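Scroll down for the structure; my scribbles are underneath it.
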């Protein structure tokens, strides 16, 4: 094929040969016929790489600022409390990587080994990978278009040497963008257990979550359930609960009932969570008796139970 024009949607895109940028391109007829598309060899390479990962979980949110990365980090912390469980946390929020800060790993660098990129370890059984480790400063902006982001995600999935892992948690950017399509495409052959979707109680967040749920249905991504974050504030003195973000349309609970999706739990606001993230420490250690800690632990157990039942079902399907 000849040189592609600026703005080319790509030969494997649904717009191949039909987009505005395709007009006048010498490859237009070839792309429109579908002959220019070829299977990405990375899909098979990633499938092979992921054979050592038992469970793969995506953490999604419709809107930014609802606590998705905080949840991803503490899901990893919670699962890794069992010293026999190997946990990997992959941050694919390319333009806004906050996992290094939350996990206390700012300033760390990625090292190359004979078997690929080595994760940065919080503990012996908790490894982390993020584009933040590739930046010279945490204040550096990542100004990349879709294809370069997709290439980075492909490299993370194919080249990071996690070893044998029980849980791979993928922290995604908000919304339904190139990053989401890429990770679902590349992991499809490797079998994704499902997605956990974060929201806050107010309708302005829920309307974007409904779009996220629609995205999951369209790409056939199983939904483990929804977590309502910042769900009220429980006073540490009087124990009375106040609604900081009133659920004007019933919150995540009503939405989950309407859409027949599991509500995994509600996490109340706790100032210790923000402080722990800024210090790069586990909130569970900072505030073990907090109602938010209890809510997190209940949600994590439900996710663990889902994965175990999912694995048992898969083993039943492939047994002779």
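Cβ atoms here come from the backbone N, Cα and C positions, even for glycine.
Quick look at what Swiss-Prot annotates:
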- 1: N-acetylmethionine (MOD_RES)
- 8, 22, 25, 31: [4Fe-4S] cluster 1 binding site (BINDING)
- 62, 63, 64, 65, 66, 67, 68, 69: ATP binding site (BINDING)
- 235, 238: [4Fe-4S] cluster 2 binding site (BINDING)
- 319: phosphoserine (MOD_RES)
Spatial neighbour of residue 67 (ATP binding site) that is closest, considering only the binding-site residues 8, 22, 238 and their CA atoms:
238
If you count other CB atoms within 10 A of each CB, which of 62, 65 wins among these binding-site residues?
62
Among 8, 22, 25, 235, these being the binding-site residues, pick the one whose CA is nearest to that of residue 65 (ATP binding site).
235
Look at the binding-site residues 64, 67 and tell me which residue has the greatest number of other C-beta atoms within 10 angstroms of its C-beta.
67
In the structure shown, with every protein chain counted, which of the binding-site residues 63, 68 has the densest set of Cβ atoms within 10 angstroms of its Cβ?
68
Per 10 Å Cβ neighbour count, which of the binding-site residues 8, 22 ranks highest?
22
What residue among the binding-site residues 25, 66, 235, 238 has the most other CB atoms lying within 10 A of its CB?
66
Setting 62, 63, 64, 65, 66, 67, 68, 69 aside, what same-chain residues sit with their Cβ within 8 Å of the center of the Cβ atoms that define the ATP site, listed in sequence order?
61, 174, 198, 200, 205, 229
Set of same-chain residues at least 6 away whose C-beta sits under 8 angstroms from residue 69 (ATP binding site):
91, 93, 98, 99, 102, 171
Can you tell me how far the Cα of residue 25 ([4Fe-4S] cluster 1 binding site) sits from the Cα of residue 62 (ATP binding site), in Å?
36
Determine, using Cα-Cα distances only, which of these binding-site residues is closest to residue 66 (ATP binding site): 8, 235, 238.
235
Roughly how many Å separate the Cα of residue 238 ([4Fe-4S] cluster 2 binding site) from that of residue 22 ([4Fe-4S] cluster 1 binding site), to the nearest whole number?
65
